[in-house]
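See structure below.
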Amino acid sequence: MADINQGSVLPSETSPPALDGLNATDSNGTDAVNATVAKFVATPEGTALAYGSLVFMALLPIFFGALRSVSCGKSKVAGENGCDYEYRNSSDMPETITGRDAARFPIIASCTLFGLYLFFKIFSQEYINLLLSMYFFVLGILALAHTMSPFMNRIFPANIPIKQYQLLFTQGSGETKEEMVNYEFDTKDMICLVISTVVGVWYILKKHWIANNLFGLAFALNGVELLHLNNISTGCILLGGLFVYDVFWVFGTNVMVTVAKSFEAPIKLVFPQDLLEKGLGASQFAMLGLGDIVIPGNLKKNTRTYFHTSFLAYIFGLGLTIWVMHTFKHAQPALLYLVPACIGFPLVVALLKGELTEMFSPAHVSASSPEVVNI
């Protein structure tokens, strides 16, 4: 959701996979004003910098996640079509979302959201957030290490020997022995894990917005890269369901806002509106939930035309969210505008090209197709 009331805003709504919405808040996720404290009013330059930076950061995981997704499919091996890494572990293999999964997702998300709401109402917020922080600490390290892996392959010095490692856990013995964990990694992966761990410790200790964004970008990029829709119809079902979910929990109840005000995790991108005044110590943030990046970012057809169309549609939808926010000075669910744009733009293009039927057919990705590899 988006909010233009600088300083007195509510944190944006949250969904189980990510925090949805565009918003402004203070460094602790709490209301920035009360009866005795004056409202923070961002300068036009600070506001433009903050929201422009959020839009730019949102586009990075969509573009690079899609690029890695189509050029480094799970059947690829290192070195093919410019792909410098391979999916060596089952946890890295892309997940395919079916129509049934898409239909159930908003229901599961709603149950999880309401469960979190009850938890925060019954139990201490401090202990719940401590548990969540440790959970996202581990996930963030793994996500950031996976994100860095292709870049490390390119910059790693050739004269340094690369050693292979394997982490193997088995259950039973003899013929009944069964693999529980089989993770293979090398020296480059170890370096990525060390760097990611440093960022994780920085986030846990300081909750700094830069550390938050590094984890957030890693989560978003991995979400776009590793989640696949079996066809466009599935994407429409998913976005349609989340459209209703977003609007209902934001406008129909206070559940979304309550959870968001209590939830502390790197599941959003933030950028300070007072950066020009306070530098890296800024504390008044505009923020964008990862759900508003990952979910629309997965609605892509594996051709250049439809990818570019969806990409422009996302920019339009996010820009429209910001415009409505500033015009009406009221919180807005970003998916309210992103869903019609990300579905409508490609539909219009397909209709004009006479490819409407083909667009909704199951996607068959060919490694030799230049339109697939060269986004």
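In case you wondered, yes, glycine gets a Cβ from its N, Cα and C as well.
TrEMBL labels come from automatic prediction, so no person has curated them.
As the structure is a computational prediction, the values presented were derived from the model and not from experiment.
The following features are taken from TrEMBL:
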- 1-25: region 'Disordered' (REGION)
- 1-15: compositional bias 'Polar residues' (COMPBIAS)
- 48-67: transmembrane segment (TRANSMEM)
- 102-120: transmembrane segment (TRANSMEM)
- 126-145: transmembrane segment (TRANSMEM)
- 211-229: transmembrane segment (TRANSMEM)
- 236-260: transmembrane segment (TRANSMEM)
- 280-299: transmembrane segment (TRANSMEM)
- 311-328: transmembrane segment (TRANSMEM)
- 334-352: transmembrane segment (TRANSMEM)
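For the transmembrane segment (334-352), the residues of the chain that approach it from at least six positions outside its boundaries are 1-2, 20-22, 232, 235-236, 239-240, 242-243, 246-247, 288-289, 291-292, 295-296, 299, 301, 305-306, 309-310, 312-314, 316-318, 320-321, 324, 358-359, judged by C-beta separation under 8 angstroms. Taking pairs at least six residues apart, the transmembrane segment (48-67) and the transmembrane segment (236-260) share fewer than three Cβ pairs below 8 Å and do not count as touching.
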